[in-house]
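Here the structure comes first, spelled out in structure tokens, and everything after it is commentary.
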Amino acid sequence: MEKILVLLLVALAVVYAVPDPRGIIIHLEDGELCLNSVQCKSKCCHRATGLSLARCAPKASENSECSAKTLYGVYYKCPCERGLTCEGDKSIVGSITNTNFGVCHDAGRSKK
């Protein structure tokens, strides 16, 4: 009887030790507060203005405004979805000030 009780307690401990798929620090859903894009499932931590709180947001779709890269891990415009490219101005000053914005285009479709 004791062995069954111990086995049951071990099984319960294992079940409760399994981590929740929803993250507290990483794997954040869209709309949750973030500090860096690495934390978000979408890989885009977005802020509307320099003074606003950053939140996870979906990546930019075709013909939407986008940012190619960020040095800081937080975007004013999210990068494009997979398969799209962000076409626009790219400068060193824009990289530093986080103002290199463009528009998402399908590279395969625009070449045709």
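Any Cβ shown, glycine's included, is placed from N, Cα and C.
For 1-17, the entry in Swiss-Prot reads signal peptide.
Swiss-Prot lists Cys34-Cys45 (among others) with the feature disulfide bond. For Cys45 (disulfide bond), applying a Cβ distance below 8 Å and a minimum sequence separation of six or more within one chain yields Cys34, Leu35, Asn36, Ser37, Gln39, Ala54, Arg55, Cys56, Ala57, Gly73, Val74, Tyr75.
Sequence annotations record features per position, and here Swiss-Prot assigns disulfide bond to Cys40-Cys56 (among others). On its own chain, Cys40 (disulfide bond) has Leu28, Asp30, Glu32, Cys34, Cys56, Ala57 as residues at least 6 apart in sequence with a Cβ closer than 8 Å to its own Cβ.
For Cys44 (disulfide bond), the number of other Cβ atoms no farther than 10 Å from its own Cβ, over all displayed protein chains, is 24. Annotated disulfide bond per Swiss-Prot: Cys44-Cys78 (among others), in sequence order, evidence recorded as sequence analysis.
Annotated disulfide bond per Swiss-Prot: Cys66-Cys86 (among others), in sequence order, evidence recorded as sequence analysis. Taking Cβ-Cβ distances under 8 Å and a sequence separation of 6 or more, the neighbours of Cys66 (disulfide bond) in its chain are Ala60, Lys77, Cys78, Pro79, Cys80, Leu84, Cys86, Gly88, Phe101, Gly102, Val103, Cys104.
Here Swiss-Prot flags Cys80-Cys104 (among others) as disulfide bond. Note on Cys104 (disulfide bond): other Cβ atoms within 10 Å of its Cβ, all shown chains, come to 23. According to DSSP, Cys104 (disulfide bond) sits within a strand segment.
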